Structures are given as C-alpha cells and as structure tokens.
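Before any comments, here is the structure.
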Ligand SMILES: Nc1ncnc2c1ncn2[C@@H]1O[C@H](COP(=O)(O)OP(=O)(O)O)[C@@H](O)[C@H]1O
Ligand SMILES: [Mg+2]
C-alpha cells in the first residue's frame, strides 16, 4: 500500500491490474461497467476458485465459503505484514495491515466496519483481524496478557451473546464495537468494547430450530455436578421451558461441554473472580428456574403460582425475598398519589412480568459482563494511544414479517450508510481540493432523508413511537400506526396500506408500514412495537431486585434510582442515542469497510446462490458504494509512481525521464493519445476517469513488457557472451605473454652463451701465439682438428716431400716436424693405410658406439691368427694364398645361443667360419646384406645374411674382442663401409628364413650373455 503517498486510503490497484485476467477482477472499481450483472458475475467467478475476497477500492467484499480455507495461517500473515502489497491478492489481512500501517505512519485513529447478514461471516472476520494483530504486532509478556484478554473476551461474549439461529449456529445477537488501543510503537496495549441492543427476547422465546443463548446449554450440559446441585439444576436441557421452545436443544455442530470449559477458563483470564463467577452462574440458573415458574388462574381469572420450588430457587439465587417475589410476579403495584394499590394479574400478565424479569436480569448481566471485560482490558497508562475499532454489527435484515428489532437494525444500517457517504465524500472532496482539481458533484443517492424520517426530533418515527408509549390512555400499536400516517403522510419513503396507491396497497397489510430504505423496501408489522419499545419491568419487581443479595444483580440495577418517578428512556431512544454516540466515535476516525456476503442459505461449501447474493449486494448497498467510489475518477496515482510503471511506453520517457515527473506523465499520456476529458492532472497525481483508459495503457504495458524482456534478455546474453570472450582473450594473452617470456629468456641465455663462446674464440685467437692456457686451449684444439681434417683430404703423395704438406698452424709445426723427422730417420715409409683405416673407423663409429674412444689408441694389426695347421687343402690354400685377415671370435648358436669359439678368415670374396681347422661356413660378401653392432660397450657383431632357403643358416651372431679392427678391415676388403649399422636397443636377427629373434642390449653390474626367457639373446654390459 502506498501509505505515505495515498494517505493509506486507497488499496493498491496495480496488483489488481495484472491479475485481472486471471480470475475475475480483484477490484470492482476496475469493472468496465457498473451493472449488478457484471458485479455478480465477477463475484461468482472468483468464488468458484475459492477467492472469497474482492475489493471495492478500500472496501473488502467477503463471501462466506462455509469451508476452511488454507489462507489464515501464520505464513500468510507474514506475507501481508508491513508489505507494500503491490502484487498481493485481496485478503482480510491486507486490510487489517493496511489500517495498522496507516495508523502508525499517520498517528491517527481507524475503524473497520464489518457488516452483513446473519451468518455472512462478520464475527469470523473480526476474529481473524484480532488474531492478525495478536500475531503480527510486537509483543512482550505484559502485552501478551492484554492480548490474551482481548482474545478471550470473545468466547465469553459469544457464550452470553450468541445463539444458534436458523441462519447461523453461532449468531451474534448483539452489536459489538471493540477498540484496540495501540501505543506509539504499535503494541496492542488495551481494549474497550461497546455493545448494542442485545436480543433479549431470545431469553424467553425462541423460534423453531433456534436456541437460547449458548451459556444456558453450556451450564446444563457441561456444569460440574456440585455446581449444578448448588444451583438446583438438572443435567438436562429438556427440563427447562426457556431452552426447549425451538426443539433443538442439542445440535451436532455445537459441543456445549467443551465450550463450557473454554468459557470457564476465559472467565478466569478476564479477571472474573470465583465469587462473581458463582453469582454469574446463579443468575443464569435463576433465569432457567424463572422459565419453569408456572401460573394457574383462580376463579376470578387472577394468576396464582403453581410451583413453589422453582420460585424458591429463584429467590435463593437472586438473593431476594420469596414472598415479595411471588407478589411481584402476580400483582401490580399501582401508585395513586399517596396510596399504593396491588392489582392482581391475569395469567398473561403474570407471564409477561416473569419474562420481563428474566430478560431484564439477563440483559443487565450481559452489560455488566462487558463492563468487566473492559475493566480487565483497560490500559491505565495515560500516554496517548491510537485505536483501531472493530465494528461487528448486524446488516440489513429483511424477513417475511419484520418487527421492532428489524426496524432498529435497519435504522442502524441506514445510519452507517450515511456515515459511509459522509466519510467517503469528505475524503474524495478533500483529495480533489488538495490536488487542485475541480470538484464534480457525484451522482448517488443520499439516504439522509431516510435517517431523518426515522430519527428526527419530534417528527421522526422514533419520536412518534415514544410519544405513543408515554401517552396516557389506550395507546396501542395501531394507534401508533395512525399517528405515523398523520405525520408522514406524504413522505416519499414512507408508505402504509392507507397511504398507498392501488397497486402498492395489494402488497401491504393493514397493520403494516413500509420504509423505502436506501437498500430497498422493507415492510414492518407494527404489532409489539409499543411493548418492545417500553421494555417495562414492573415497578414492584424492580424495587425488589434492587435489594438483591446477588452482588451482580444489585450492581446492575443500582444505577436505576428506585425512587425516581421518571420513566426510563425507551429502547428505541436508547438505541438512537447509542448510535449517535457511535457515529461520533466513528466520524473522528478513518474508515475501512468489510462487507460480508452469505453464499447460500444451507451453509454448504461451493454453492453460490445467485438470487441470495444479489439480494445481499443490494441490501448492503454495494452497488451504491461502487458508484460513489467510481463517481469521479476511477484511478489516481502519484506522478512518479505512474511514470515509473508506464515509462517504457513512450520513447521520450524511456529509459529515463530527466525532468519533473508531472511533465513526464503529460508527455507520456499525450504519446498514448489520452483525450482531455479522460484524465486530469492534479498537483501530485494523475486522475484517470475510466478504467478502460487505464486498461488500454496496462495492456500496452504488458505487451511492451514482453518485448522489453526479450530485448533485455538479448542484451544480457550479448553482454554475457562478450564477457566470456573477453575472459578467454585475456587468458590467451596471458599464456602468450608467459610463452614469449620463456622464449625470450631462452633466447637471452642462448645469446649470452654465444657471446661467451665468441668472446672465448676471439680471446683464443688473440692469445694463439702464447703457451697453452685456459684462454686459448679450446681455440688451439679447434685449429688442430681443423688442420688434421683438411690434411686428411690432401695428404701428400710422398711422405718425404715436405713441401707438398699443407702449412700447419703454429701449434702443429713442431709436431709435424717431429713426425717428419721420425719417418725420415727410420727410413721407413709410414704405412698410411693404417692411418686411413683409423680414419675410416672413426667415420663409422665416432660418436655412435660407446667403446670407440678406447679403441683409438690401439694400433691395428695385419692379422690375428698367426698360422693354421689343417689337413683340409682348401683351408690351407685359403690361408696361405687368399687370406686377407683372420681373427678368433665367439660364435653364438642360432638355436640356444650357446657360445662357440671359432676363427674367422676374410678373403677377397668371402668370410669363412673355421672350427678346429675345418671350414664350417662360407659367407659370400655378396650375400652379406648388413652388419649390425650396438651403440654400447659390448663387442657383439651381427652379420645379416641373405637367406632365401630355410635350410640355409641364418644370421651370424659373434663376439669379437677387436671389433673395430675386424669391422674396419672387413669394410675395406669387402667394400662394405655403408653396410655397418650402429643400432640402439636391440638388433633384429633372422635365425633361419622367416624365423626372427633379436639381440637385446642392456647395462648391468656384471657383463653377461645369455638366452633370455623371451627367446632373445640378452647382452648385459
Ligand atoms: N472466512 C471464513 N472461512 C470459513 N468459514 C467461515 C468464514 N466466515 C464464516 N464462516 C462460517 O460461517 C459461519 C458464520 O459466520 P459468523 O462470522 O458467525 O457469521 P455472522 O457473524 O456474520 O453472523 C461460521 O461459523 C463459519 O462456519
Ligand atoms: Mg456474528
């Protein structure tokens, strides 16, 4: 609620706007047409979905669902608590909270008027409001006791003031106005109750299907044996005349025994002590006994008492003299100037006097009870309080026969309608004034004329009734009617049989008068008006009662001065003045309304009796109310609020309006095409005349909202994607930077190294002439190697020709000189073939096989086997004639890799394997396709031999101590320089054609050669 902005007067409408298509319309003010049909259809639509609450502006319409709805729990209360209920559906808690919040912010008084037919849910509504405050207001232990008293006053008042009627099993038979007082913090600190017009006649008479007040049945059914004994009561409601006229003393829907316990407990909480409690039940019991007092008539037709026991109980319980009581019930004391004459009653008179007594003491006791409750709830702290008043009062009543009670009740509603008109119009007018908008007279019916008809001094119906009651002589109900006809003859809202035209006359009895109330016509039957208005207690009985020993009774009647000759005020006049007071109380407060409707007569859930509801809508004046609400402008909102909601509808105001909100609204509505008569611009608010204008705007807004949402969504998605991209890009850049850093550092290291090397080179160059030192050692080594490498390719043809040698660098001059001298000295031609062989070895193995460096220093020899003695001529010839080189080897069997010592002889065309001077195998160089050795320090040699026939032997695996010498010789002899492969890991071998194995190499502590489990030859170095 925009409490601050709207003065809390107007419930929020935006929630209603967005929800209007869901289930009916949440606020009738927004109905497009204000017809009864549209009204009912909306109500029905909502009721069918258990939506029992609907607003008319601030007024809450409630339809009795006759079933428990799950909308009154603590969670719901919290939902509505202090919330600006922008989108919340109508609820009684919303109204209660709204009133409460407004009270707190504006520090003023409020009242909630709850009206409706009997059974429509007024009392339930007022309890729900009370519960809401009890739960949601701040609490302390002290406050909790006040709160308990307020809550517990209900069961007590309901026991004494409610009864089962045809319409409601718990019908309140009195009007109730309760003030809840709050301190400035919003704590409920006290309460006060005013009661109106208890239906006392029920004490002595009930219609069929109805009961007396609950307390009688509760006492009889639930009262403890001792108590009942003390009160002289039977534990049986059927025993009592006052309880059985309706013939429904026991009803299944009411648990009198349980209620009795609740009431007894509640009495304690509202501080009624044991003595008073006993007095109170004494009075209740005395009424029951009174009802059983019967009369006979004597021969002259005078009433006689026929049962003394009941009378004795009454005198006992009320603490009055039995004899005097008997006299009071059968005689009337007539005072003639100085004398007092006793005039005997007829039976009818006696019964009338008895009933009058019963009604009087019960009625007074009820008032006493209310006073006691007030005392217990009273807040004695003098600081200022604000209040919220709850008025739970009977709505218009129209029966087949309407009597004095209905007259009073309908008069009361007439007054409340008048109050509503005054308050609403006042509020509207004030707002127009505040907003500087020209006041347009509102077309609606003002019921002041009817109020005047009833209550005007000397001229109104009540005055005439009182006059008839006071008039000496034979005043009767009919003479009263005649007086009315005389005085009201031409009043437009008053009609009788005599005054009516022909058509109307048919609908009226002779003893009827008809009032045209604002809510509709009601025909009253005048019978009983005078008696009921007089409500007389005979003088002698009243005197007697004043001396009662029952403290409550004495207190109740003490206010009536027994010596006063003045007649007490009549019932109607009392009612009129109490209503006047109520009006004054209410006029000073801000009003909230709850109108309760009954959905059907049979208290069934889910039934929407359209005729019945139409009737109530009419008699509660809801259409009238709606018209007043709608009279000027249906909708009004602060400029900033209006602009905030609808600004997306106009490019000039979206997304921001930089100027004054009022100008923004003007631009906005111009853009929307509002016509001049459709709206007005106030000081702070825009006023919109018809709901349809607003609807069009709202519809546009709804549509635009979706588009906007899509746009926002797209924007957002784009934004998200962009963010993601940016993040990825940042990550990429970061990685790149790191990588570049790494690269740069590497590059720097490399350059630094290069600088160092170049520096060293230069230094070496510069110091090349000096003795070998750290500065030049590397340079010199480089120069030396360079020279020798060059020398290798340009070796001189004759070693003795010193001049053809390439000029050596300084470091080598001496060495070469020595070499040269040595050669010459020995006269020996250096076998440069050996040197060339070594160079060949180097080119094949250097940097490839680990054992190579150790071999460099070992000189090669011509052959390793000095002689062979064999009787094989072939071998002898081979050895002596064709031998190029020979060497002992260890050959490994192809099957088990057994080591066998052998000799190998190389000739110009083949290699021969010799065992003990026998040729075992010949390997032609042409079939030797490759030679493999490992890169390690072992001396294993594998001959890969072309092998097409499985019968042929496969590859040859050997171990040879002079591996480098042997292979170098082989390369030279067989021209196989390119056939030698230095292999890493293992060497594949062919054991025979198509059957493969391998030689695996590894390092270990001890050198070994063995056949491994996988069938390979394992060589460990
Ligand atoms: N909001 C409600 N939810 C459920 N039942 C309700 C509600 N209001 C009223 N009733 C039912 O209707 C009955 C009559 O309500 P009550 O408030 O006593 O009527 P009233 O005071 O107007 O005569 C209640 O006893 C209850 O069964
Ligand atoms: Mg009630």
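A Cβ is built for glycine as well, from the same backbone N, Cα and C atoms used for every other residue.
Taking TrEMBL as the reference, the stretch among 556-578, 579-601, 602-624 described by the feature region 'Actin-binding' is residues 579-601. Of all the binding-site residues listed (118, 123), 123 sits in the most crowded Cβ setting, with the most other Cβ atoms within 10 Å. Cβ atoms within 8 Å of the centroid of the Cβ atoms of 116, 117, 118, 119, 120, 121, 122, 123 (the ATP site) belong to the same-chain residues 64, 168, 395, 596, 598, site residues excluded. Residues 122, taken from the binding-site residues 116, 118, 120, 121, 122, are distinguished by a CB atom under 6 angstroms from ligand 2. Computed over the domain 'Myosin motor' (23-702), the whole-number mean pLDDT of the model equals 89.
Residue counts for the region 'Actin-binding' (579-601) under DSSP (helix as H, G, I; strand as E, B; rest coil) come to 9 helix, 8 strand, 6 coil. For residue 119 (ATP binding site), other Cβ atoms within 10 Å of its Cβ number 22.
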